[in-house]
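Beneath this line is the structure, given in structure tokens, with notes to follow.
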């Protein structure tokens with residue numbers, strides 16, 4: 001009975017945990033948060049009368065006021081390294097009221113949760129679905145009506161800014177209405193848990209892959225469901241998928257990957273060779289050794305999902321001599337060649353090798369999801385931004401120009417990170433169910449990756465150089481690199497223009513005591529590896545570029561592929577239900593299907609990844625306050641004047657958008673995750 005109950009709680013739409021966790025559904029908290037935002041907005045109106053300034057140029061009264069504000073902030077924004085499920089990682093001890101999400105975010109997120117409820121209900125037997133369909137339809141209608149009221153209030157405030165104050169009462173009524181809808185969402189999930197538990201275990205009992213397709217009731221089955229076994233598509237994941245950060249060019253193969261010349265030529269043709277491919281910069285490698293305990297190799301038994309496996313494979317890819325497309329060459333399913341044989345991509349005529357090859361690719365995809373979710377997504381975006389958010393609030397006064405610039409890039413970050421720690425990472429939580437490794441090892445390994453992430457080496461240009469993939473002549477088709485650099489450079493120019501407004505010289509940088517305190521907190525309390533004192537304007541620009549890019553574009557690139565690329569379990573999953581293949585030949589489709597995860601894992605993947613990848617809140621370049629009526633953040637005419645830094649940044653983003661859309665017309669598959677119009681300003685989901 002316990003297993004069945006937890007099974008349904010896993011099914012219940014990632015909204016189950018949300019609905020039953022007070023951090024998401026606490027009316028008093030949200031009302032208090034809006035009151036706090038109103039207070040902050042009032043302060044902002046006063047602050048707007050005086051342009052932001054560096055502390056060294058403030059008068060005595062101003063310096064005392066700054067010190068008082070920061071003293072109070074430090075009582076609210078408190079560091080801890082003992083937050084549950086992410087111990088050792090610097091986090092906020094609790095989420096301050098002003099950091100809770102606003103009505104706009106709640107409406108968007110609630111809409112996605114209801115969409116997931118409808119999807120789940122649609123795949124229940126008709127007799128059980130009827131009552132839930134009626135309630136879910138009503139919730140959808142109420143949410144749409146609330147959205148329309150929200151849009152109408154914003155339009156009124158836009159047309160008559162002076163009336164914004166008088167609209168606050170109606171906005172408060174809307175907020176109460178939205179909270180009531182969220183409460184009903186929670187009740188509906190509870191009802192599903194109570195009434196449908198005996199039906200859930202009957203779901204997805206079709207043959208082959210049918211059970212994985214069955215979890216898409218009303219949600220559109222992603223295109224990857226029909227293409228994931230294709231070798232070219234498998235290779236394209238490395239340059240345009242959710243984890244485009246691991247592939248690197250190599251001049252020679254590692255000693256523990258003994259692919260022979262004859263094997264290479266079987267794949268790439270008799271007129272090619274390993275030596276020639278290496279010399280002409282056409283060899284590319286994935287090595288998942290860094291997974292460590294995320295890849296236990298042996299069987300791991302869990303109550304809810306049975307036996308699971310994950311490995312640390314090595315995979316070789318190569319370009320043909322025409323450099324037209326990247327293709328997989330060979331896979332070794334673990335680090336030791338003595339225990340893991342080499343799998344070489346078979347020709348169409350080698351049918352006896354087909355399913356062994358598919359099994360080896362599944363091993364790679366299991367490693368890929370582990371690496372993506374725990375490292376490049378959670379550790380290197382969410383948890384890195386957490387440190388900069390706390391340091392900014394604790395050391396930069398609200399009147400500091402860098403606080404004004406950076407705060408919008410941290411909207412929602414503390415809140416969503418606490419949610420991740422509480423809901424995704426506990427024992428029997430989403431990650432424990434979906435991933436093979438014991439949850440304690442998963443938590444520790446993800447935390448270790450965050451603490452080991454080097455800030456300067458992680459900068460996009462440096463990361464590309466370190467992996468030898470920065471040259472488009474060597475690797476022509478790398479959408480993440482090409483589009484990412486466009487966005488990086490636009491942000492860098494914006495940071496340079498902004499810094500020039502307030503810092504006249506390098507001396508202004510070194511004389512800024514609040515900036516020095518910020519650096520000290522990032523290094524000391526934030527434990528950001530590689531971070532160091534900032535001694536000049538050019539270095540400050542690079543630092544700001546990295547902070548903003550990480551919170552916005554980098555998170556977008558690794559988060560928003562999830563619904564289209566990661567919800568279909570056979571395409572990618574963080575555990576397999578059977579061990580890696582022991583031989584390239586003699587395998588069947590039945591052997592490959594045994595590697596597919598339990599239906600529970602497939603259900604949880606749909607729910608959590610669709611939710612995380614479907615909420616777009618805020619937009620890069622659109623700097624607005626979090627409280628109604630979401631007024632502009634910047635008031636300094638040196639920043640906002642026509643033709644000034646902000647307008648130039650927004651114009652550059654439009655140019656980047658146009659360039660990417662033009663590129664997508666020529667690409668085999670559009671790469672849309674770094675379109676500026678689809679990049680939220682902060683890591684808020």
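Placement of Cβ uses the backbone N, Cα and C atoms for every residue, glycine included.
Lifted from Swiss-Prot, the feature list:
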SIGNAL    1-19  signal peptide
DOMAIN    122-685  domain 'Lipoxygenase'
BINDING   133  Mg(2+) binding site
BINDING   377, 382, 555, 559, 685  Fe cation binding site
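In this structure, residue 685 (Fe cation binding site) belongs to neither helix nor strand by DSSP; it is coil. Cα separation, residue 555 (Fe cation binding site) to residue 133 (Mg(2+) binding site), rounded: 34 Å. Residues 377, 382, 555, 559, 685 make up the record's Fe cation site, and a Cβ search at 8 Å around their centroid adds 378, 381, 416, 558, 612, 683 from the same chain. On its own chain, residue 685 (Fe cation binding site) has 109, 412, 416, 559, 611, 612, 615, 617 as residues at least 6 apart in sequence with a Cβ closer than 8 Å to its own Cβ. All protein chains considered, the CB of residue 382 (Fe cation binding site) has 24 other CB atoms within 10 Å. Counting only same-chain residues six or more apart in sequence, the Cβ atoms lying under 8 angstroms from the Cβ of residue 377 (Fe cation binding site) belong to 242, 555, 558, 559. The CA atom of residue 382 (Fe cation binding site) is located 35 Å away from the CA atom of residue 133 (Mg(2+) binding site). Shown in sequence order, 118, 121, 122 are the residues of the chain, 6+ apart in sequence, with a C-beta less than 8 angstroms from the C-beta of the residue listed as 'Mg(2+) binding site'.
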